[in-house]
Amino acid sequence: MEKHEVKNEPEQEQKQENKNDMTKTETTPETSEYRFQPEQIDWETMNNLGLSKEYLEKKNLLDPLLRGYKTNELVPISVNLGGAVVRTDARLSLQSTPEGDVVAAVHGIRREPNLNFEFFGHKFSDEDEQNLRQTGNMGRVVDLINSKTGELMPSIISVDRLTNELIALKTDFIKIPDEVKGIKLNDEQKQTLVEGKPLFIEGMISTKGTPFDANVQFNADKRYVEFLFDRSNNNRQTQNSQQDNQQSRSQEAPKTFRGKELEDEQYNKFKDGQTVYIPNLVDKKGQTYNGYITFNKETGKTNFEFPNQYKERIKPTEAHKTQIAVNSEGKTNEATKNIKEPLQKGQQRPKNEKQQEQQNKPNAPAKSKGRKVS
């Protein structure tokens, strides 16, 4: 199969010139074929990123990955660096290595598209930059250079709107539909879209049956004709939202603790801040131990306690025991038994002169309830 997608690796972005190897992926099949099989994936590495096969299946992310697509949403990634755990959001894709292994490519979020340096031999003009920032599409075909072979590749360039990564697509793989929202396209209109230019179409019909007019353009990342929206006004707001989302993700309760995955019931209590008992943890020497964990929502940290520490923490004080006995169990504290007012929390003796007088005053003898005999 031909390979066509160009990705700009983040670690190269700090260099004066982008000198990436031509990273490519095969054309995504339009049939039900799969490019990859689950058994080809390095699941140990995936698990180290906090991504199990079960999680990807549950989120409906595994199937598009096996077909060669990037995830259509950001996925929370966690990397354990020993003394710290780094959490971030990213899109994922699968790639084949020269050795034939299938590895996960992590497409992290960038603050903004890297337009200051050359992109596979192309230097962005002021108009290129303006178009990419406003619409996410550069709007023209340029020749990109394959750094391995020197091949010139006519391509269009777009911005991944979830990560701000630059994506290029060879014009050979641009497929224009015959019609858009009920409007049939003529050859001239199709050619405009193939050249990466925007096209204004009138009289389209929305899914609600309402006619509308709009600009459309082919997007190299999405690989289809999209409706255009000006991104310049809300780009900063979008970036702030993504950063807030990352911060929020970093405060989410982890699904695993010291290599042990929490059951659903345990996790639901744990993420709500409740203390959860975790048995059969294994230390570095292979010895098992038990303990209790509590998640702090404000700091995003997990507190661990051994059973004796937990029992000591929840052990009620004598004042608390007395208050429970008086208020909940109907028992009497000798030092306050004659006080008529409700006791305050933790109160074990009269709090003022009035209560002291009530306490010192002996109870009147109970009247006989026997029937009077004349």
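All positions are counted from 1 along the displayed chain.
Cβ atoms here come from the backbone N, Cα and C positions, even for glycine.
Automatic, uncurated: that is what TrEMBL annotation is.
For 1-24 (among others), the entry in TrEMBL reads compositional bias 'Basic and acidic residues'.
If you look up TrEMBL, you'll see 234-251 (among others) marked as compositional bias 'Low complexity'.
Residues or ranges marked as compositional bias 'Basic and acidic residues' in TrEMBL: 331-343 (among others).
Marked as compositional bias 'Low complexity' by TrEMBL: 357-366 (among others).
Among the features that TrEMBL reports, domain 'DUF4099' is placed at 36-117. Mean pLDDT for the domain 'DUF4099' (36-117) in this predicted model: 88.
Summarising the annotation, TrEMBL assigns domain 'DUF3945' to 177-230 (among others).
Residues annotated as domain 'DUF3945' in TrEMBL: 256-306 (among others).
According to TrEMBL, the region 'Disordered' annotation covers 1-35 (among others).
Summarising the annotation, TrEMBL assigns region 'Disordered' to 234-259 (among others).
What TrEMBL records for 313-374 (among others) is region 'Disordered'.
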Taking DSSP states H, G and I as helix and E and B as strand, how many residues of the domain 'DUF3945' (177-230) are helix, strand and coil?
8 helix, 24 strand, 22 coil
Which residue counts does DSSP yield for the domain 'DUF3945' (256-306) in the helix, strand and coil classes, in that order?
8 helix, 25 strand, 18 coil
